Structures are given as C-alpha cells and as structure tokens.
Amino acid sequence: MSTEIKPKDFGEGSSSTRSEQNQQLVSAPAPLSRYESQKRRDWNTFGQYLKNQRPPVSLSHCNCNHVLEFLRYLDQFGKTKVHLLGCVFYGQPDPPAPCTCPLRQAWGSLDALIGRLRAAYEENGGSQENNPFGNGAIRVYLREVKDCQAKARGIPYKKKKKRKLPSKINDQEVKFSKQST
C-alpha cells in the first residue's frame, strides 16, 4: 500500500498550514535600500580585488596600502576629465574643445565609496580601531585628489564658514556699554 503525498494548494489545508505559509511570506527579507545595495556591491568588489592580488590578500591582512591601490585601480573606470598641468585647458571649468587628458574617478565618488566600505568593514566583523578605510593616509589621499581636481577644473572647493551666533549676554553687554558712554 503506497501513500501518495500531494502538494497542498493555498486554498486547501488546515489553519496551521496557512499560518506557516503566512509566516514564510512575512519572514521574507525586505528589499535593501539603495545605499545598502551599493555598500554590499562595493564590499564584494573590494573583496574580489583582494582575492585577485598575487598572492591573494585576506581581509585580516588588508591595510591602508591595499585600499590606496584599490582606489588607484578604480581610476581607470572613471568618467571625470581631469586636466593635466601641461594641458591648455588646465584650470578652465568648461573647456571649449576635447583634449587627451585622462578620465578619473571623481573625488566625491571616492569619498562616498570610502564611507560605504568603512561601514561595511565594521559590519563584517572588523574593529573600528583597525579599519583600513578610516586610516589617516586615506584621508590625505582623498584631500589630494580633491585639491588636484579642483585646480584642474579651476573651481576651488571652499570651506563653509561657521556663522557665529550672537548670544544674549553679548548683546546685553554691548547695549550696556553704549548706555554708559
């Protein structure tokens, strides 16, 4: 005597089967945000880059030099024209004609990438103290890229000045000193 097990239809079955089915639907992971998707993709790309090194580099042996090499490697896929010092369009924000200067990764893209990788490193078990993406050498490199690209485009990045808000005490002191003179 053989017993045949038929798959149940959603309409069939007991309430326990329905609750199991509902729980499966509810426990499905929510889709990742754009930031989380980018962070995961960047993390996987960096991991693949380390594996492709000769000899391969494990994440535990990764340091800021590997990160800097990765950023330089990414330059070949850049879309931002960065004029060289000898180019006739160096320092011009909108050059009138094409030139042979290289395409590079934009500073803002690299800065955002490092932020995502820094967060991913810690989410994947790395300690904040040993995070190679937070190393001072990375910040120096990003600052140099920013300055170089700003000069090449002729558009300086200006730091926003913090406005000093007058306090009530200072206002009262000023009023008092005016009255006494």
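For all residues, glycine too, the Cβ spot is worked out from N, Cα and C.
Here TrEMBL flags 1-11 (among others) as compositional bias 'Basic and acidic residues'.
What TrEMBL lists as region 'Disordered' is 1-31 (among others).
Sequence annotations record features per position, and here TrEMBL assigns compositional bias 'Polar residues' to 13-26.
Per TrEMBL, the feature domain 'ALOG' maps to 34-161. Helix, strand and coil residue tallies for the domain 'ALOG' (34-161), in that order: 73 helix, 4 strand, 51 coil [DSSP].
Summarising the annotation, TrEMBL assigns region 'Disordered' to 158-181 (among others).
Per TrEMBL, the feature compositional bias 'Basic and acidic residues' maps to 170-181 (among others).
Residues belonging to the domain 'ALOG' (34-161) score a mean pLDDT of 92 in the model.
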